[in-house]
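These come from Swiss-Prot:
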type     : residues                                            : note
BINDING  : 45, 46, 47, 48, 49, 94, 95, 125, 148, 185, 301, 325 : NAD(+) binding site
ACT_SITE : 127                                                 : active site, N6-AMP-lysine intermediate
BINDING  : 419, 422, 438, 444                                  : Zn(2+) binding site
DOMAIN   : 639-728                                             : domain 'BRCT'
REGION   : 720-743                                             : region 'Disordered'
COMPBIAS : 725-743                                             : compositional bias 'Low complexity'
């Protein structure tokens, strides 16, 4: 009877009073949450008390509004996530996978056959590598968030999900359905992952093995205040149960989610054929690291919702969708050892030797660890099972250990005190430096090998057929006993007769260790430059021709190749432009160097320190005698116009008419600064094929974007005409589309 009385009493409360009560209750709950969980109150205590008293007054006047769920009946205090089991109104299904084109084509054929009409489309989405979450909105208000669980039942994580800034507590706009379940993926950005693990290790807590585990662990905190400190993000990619919502196309549904204020992604595409699907998959296979989160594949869905219903589902997955999986970029393997390598400037860097494993389509045996502090911050021990990641062309890296698999035999890494190749005691260059360095720059074989390899490389003299094996053979051969190159000064005096007798280990570029024969396990040794008849190999002849051609290299490339600390291609370009010859750079005071545009005191000091060494001067002397051009032609007055002086330009994508380096050099020659990221200070963004996220950022910031024709106008006619040729900027950002985890 009491329940019936309450219903009768509630029905007697005017609608506007009930609405005012509901709004006040929601606002008070939100203020409590911001105060106790996020430590970000947006109202004063007095304003909060005033709202609470208003709610109490309404309930005093209308007692039927005073329910156990009312803020007036609950004690305010710390929130706690209990992880109680909750049932999804509509099942969260998984997805079937396609690992090759044959499986993808077979699925597309089945779809075409079952829908019975050629008039259908595919919606291609990126597959986010995160944790699947189901959001329930009732009358536009977020009432529950739950994990996927077994698809039918998940865990209630509402207080934790409410800490994610991107997830609206109330949907925007009109025509909000009475009920809607929103499916999406919570992820942990890679750039924040290492920082979190370092904090955990410093606090003697277990580190996470990878960003996905970090996202899951962050959502499973009993105290939402902890979750609130984690930089979690979400993208939505589907709709579950709903009332009062009618829509025919999934792509249109995503546009609707965006208008409601939900975090959707921008990389989806509707195509009308399998060829379009393949093109989308290929594009993001090459550009998967240009998006703002980790992806491990592409989800392909039938876009027409009525046709989805016709195809139905199996017990675990819809027949109208499939997940194309890229080769995995994260795998588990054993950390066999931690070694150290010596770079061209003497920096000693730890690296991981792991049991060989296939990652992202290639075999990996070594991974970077940067420095001893990173080893400590990652919490890895020799003997650990670790998660290794290889992202595109990036050097493989260790993400973290799988702590639960430790058996007690693991041991900590200790940084060596002496150089592993020359035995010199290691020390930091300055007292506060993290890195240890080998100070034996002249005779340390590792430093010489790395400097010579860099000198011949694409950023420096760009000598054909002069790779890592050649650099190692010339600087530390097995035969003859003495190296042909004792330092860089010998480079331009090399002869074919010197090359022929050289035998050396075939070294691995990642580790500096000899490669091994896969059949015998023995270290590989080769006669590097001569064939079996004792005649010079074609690559040896080509290498000597490349060395001769490098004598005419621009001054900037010569400066880059000298491995002066802090002088990379950009600084070398500025030094060459402003001083014109190596003699004038040598003669300039530190103050004169520091005053030059783009140089500054750090580079200036490093340049003067380099020229203070007699053996460095000997390199310059012998190169000059060999005919190396040590000055750019012309005087300062002859330099020519610099119409792009002071402008910052970003180049992205593949240009048909220029290499990336060629485009940069053309811009720098006209005075432009070439940057790697887009900001409000960017003057132009030059885009080729597959430009990635920099194009999107430029459009968002309304930075002029030039295609190849526009780039030619910029170089030939200047910035004002180039602005006229810029690609049109949309009035508003394109409608966002969601990512998909393929639960």
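Placed from the backbone N, Cα and C atoms, the Cβ positions cover glycine too.
Secondary structure from DSSP puts residue 301 (NAD(+) binding site) in a beta strand. Fewest Cβ neighbours within 10 Å among the binding-site residues 422, 444: that distinction goes to 422. Each residue contributes its Cα atom, and for residue 127 (active site, N6-AMP-lysine intermediate) and residue 444 (Zn(2+) binding site) these two points are 48 Å apart. The separation of residue 438 (Zn(2+) binding site) from residue 47 (NAD(+) binding site), Cα to Cα, is 64 Å. Same-chain residues with CB within 8 A of the center of the 419, 422, 438, 444 CB atoms, the Zn(2+) site residues themselves not counted, are 342, 346, 420, 421, 423, 424, 439, 440, 445, 446, 447. Under the DSSP three-state reduction, residue 95 (NAD(+) binding site) is assigned to coil, being neither helix nor strand. In the three-state DSSP scheme, residue 49 (NAD(+) binding site) is classed as helix.
Each of the recorded positions 127, 301 was scored by the other Cβ atoms within 10 Å of its Cβ; the lowest score goes to 127. A straight line from the CA of residue 49 (NAD(+) binding site) to the CA of residue 419 (Zn(2+) binding site) spans 67 Å. Averaged across the domain 'BRCT' (639-728), the predicted model reaches a pLDDT of 85. In this structure the alpha carbons, written CA, of residue 148 (NAD(+) binding site) and residue 419 (Zn(2+) binding site) are 52 Å apart.
For residue 438 (Zn(2+) binding site), the same-chain residues 6+ apart in sequence whose C-beta sits under 8 angstroms from its C-beta are 342, 346, 348, 419, 421, 422, 424, 426, 444, 446, 447. Taking H, G and I as helix, E and B as strand and the rest as coil, DSSP gives the domain 'BRCT' (639-728) the counts 35 helix, 16 strand, 39 coil.
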